[in-house]
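Colleague: Shown below is the structure under consideration.
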Amino acid sequence: MASRSQNRPPRSPSAKKEGIPLDKRRKIGVAIGRSGFGPDRKPLSSLTARKQDDPTSSDMASTEGANTIDFTKESVDALLSEKLKMKKFDHKGNLELVSDLNSRLKLCIKWFQKRDAEHLDEEAKLRSALENSQKALADTEAEMEIKDEKLSASIAQLKEENVSLQSRLAKEESEKLDAIDCHKREKEGRISAESLNASLSQELEKAQQEIAAANHRAASLDDMYKRLQEYNLSLQQYNNKLHSELEAARDSLKRVEKETSTIVENLSTLRGHYNTLQKELTLSRNSQDEAVNQKESLVNEVKCLRGELQQVRDDRDRQVSEVQVLTAEIVKYKQSTGKSIAELDQLMTKTKSLEETCSSQREQIRLLEHQLTAANEKLKMANLSSSEIKTEFEEQKKALSELQEHLVDKEHQLIEGEKLRKKLHNTILELKGNIRVFCRVRPLLPDDGAVTEAPIISYPTSTEALGRGIDLVQSGQKYAFTFDKVFSHDASQQAIFVEISQLVQSALDGYKVCIFAYGQTGSGKTYTMMGRPEAQEQKGLIPRSLEQIFQSSQALMAQGWKYKMQASMLEIYNETIRDLLSANKSSGTTDNGVPGKQYTIKHDANGNTHVTDLTIIDVSTIDEISSLLRQAAQSRSVGRTQMNEQSSRSHFVFTLRISGVNEGTEQQVQGVLNLIDLAGSERLSKSLSTGDRLKETQAINKSLSSLADVIFALAKKEDHVPFRNSKLTYLLLPCLGGDSKTLMFVNISPDPCSISESLCSLRFAARVNACEIGIPQRQLTLKPADSRLSYG
């Protein structure tokens, strides 16, 4: 009987289910449908307890040690669905059948216990390996941050040295330019001195020509003296004839002697003038040999003239008898001598003026020569200093080129380090999960309900759940949840932003990033996302993220990156899209019921989302973004409910499109940052909404319910995900079902009156945390020439 039951083939699944009682089916489902983890291991533990009470367990242990049997689902189903063919009066055979079935069931139970232990061991090993990998990644990230700081410090020092060298080089270039200008001025002065010297030489030549003309006039006077001498000879001959008439003419001769004495005095004055002229001419002709010779010949001729005049006076003593004739001749002689004296005076004045001009020009020439020598000395010094400056400039230029090469190497190392940082950064985020969930508990407010003795929210202190776990107590029952990060009520805005700053950086690296806040009305979603932008410490995630984006883009400009950013803001109100930046606020239907502008959501093949006719504004500074955020906040739909004085009645979506180009590496990135403040969920029984508020609440709850359906479908990996059930889920399609990095903030209120809503929010967040979406892809392109390159 026992051998026949052991060799019996397993029945088909349909046959298995037909004859099995309901309570046995439940036991079978519990034993097979669970993998052995957590609270679902209770049936196995109960079977183990039964096994220990069974006296035949020792016999089965020997059988198990002898034969190791592997069970499958079909064999277990066949074993559980096996029917024993009992005979009515064969108690021994029936007992054998039952004992055989019990032994096989015990073997099956032992096999399940063994598998359970193996699964637990594997889970412990996996957890330890995950912790080790996280520690190694944290150490690697710390080392990279230290290297990054060292590199930035060395680059800053090199930039400062480069700036100082450039300032020094500019100073030396300015000094060199001053020296060149001084040299040019000195050269111009030398040229002007040379031109002045040439003009002086020309004037000297003119003076020499005038002296030559004076010499010519002196020669004509010599000719006249010769003629006078000839005439005196004729007078002597005539005097011999008139000697007899001498006595009669003595009176007239005395007068003539007086006149001759005056003439002699004039001649003496002439001699004095000639002497001074000779001295002046000798002084002026010392530098010019030709002029001196001409002056000496003129002096000799004057001496001859003096001798001739003396001879004329002696002859006149003998020519007393011919005085009447001589008087007429003397008158003529006076006239001629007066003209010659006037000419001599004019000549003397001209020579004096020429000598004065020559002396002044000599002084000017001496001064100019002195200035020229000083300028030459200065020029030599300037040439020496310029040569020294030039050599020093060449050395500094060489050092600057070396520094520039070193800087290029450091920049290349920095680029490689940045690539490695991005790769490690994205690896860490992928290990953490590309859809992550953070939980934040807001502090108690004065308007909240009365505080009970035992708080409804607590935080576990175990090593595994520290900072990641949250416990909620409802009606004495404790519910434990674990997320990627849990922030208590005393967490600051800065501490929260530090946790998501790496995720925001991914948008600048070319990824699609989505951060949205979920929770009931009044749980602090808008404070988490927007905060109070006018207070630095209370700024929310949106203004802090945008500040980081602009600061990082400015820092990456040193590596050759140039970014273009476009912002758009919309709200989904009653399943209708509203453009918060449009000048014309009409969308859907106006207050009068007239249809307004309709907006359509479209997705392209690259996973990019576009809303038709939506206002997109180019932004370049944080101030422009801040003004747009203020404009959107004024246009957003808010209202008062029983649960919140100023409740957001729409889903707010801020989108920043980032386009980056690196001219050095010719890379292009396309990133998107979506920051979403969802409307708060609330129960109609608590909000007591009526009229428009009722319609708004129904639309909000419907869209959030559609979001839950999408998340659950993704968690179950169903073929069809109902993204089109609401505008919100269809807008978030690339973030939830695509290749983006998504973070959800679930906001919790510690108010005891909101405990049921908080529990629903935590359960929904736990389902979201269990989802697995596609691996995030970076939107990076290369130019055709560099398409063979890979990027980490």
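Each Cβ is built from the backbone N, Cα and C atoms, and glycine gets one as well.
Where the annotation comes from TrEMBL, it is an automatic prediction and has not been curated.
Annotated ATP binding site per TrEMBL: Gly519, Gln520, Thr521, Gly522, Ser523, Gly524, Lys525, Thr526, in sequence order. The coiled coil annotation in TrEMBL covers 123-259, 288-413. Taken from TrEMBL, the feature compositional bias 'Polar residues' covers 45-66. Residues or ranges marked as domain 'Kinesin motor' in TrEMBL: 434-771. According to TrEMBL, the region 'Disordered' annotation covers 1-66.
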Colleague: Residues with Cβ closer than 8 Å to the Cβ of Gly524 (ATP binding site), same chain and 6+ apart in sequence?
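Modeller: Gly524 (ATP binding site) has long-range Cβ partners Arg440, Arg442, Asn747, Ser749.
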Colleague: With the cut-off set at 10 Å between Cβ atoms, which of these binding-site residues ends up with the most neighbours? Options: Gln520, Thr521, Ser523, Thr526.
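Modeller: Counting every other Cβ within 10 Å of each candidate, the maximum falls on Ser523.
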Colleague: Counting Cβ atoms within 10 Å across all protein chains shown, which of the binding-site residues Gly519, Gly522 comes out on top?
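Modeller: Its Cβ has the most other Cβ atoms within 10 Å: Gly519.
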Colleague: How many other Cβ atoms sit within 10 Å of the Cβ of Lys525 (ATP binding site)?
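Modeller: Taking all protein chains shown, Lys525 (ATP binding site) has 27 Cβ neighbours within 10 Å.
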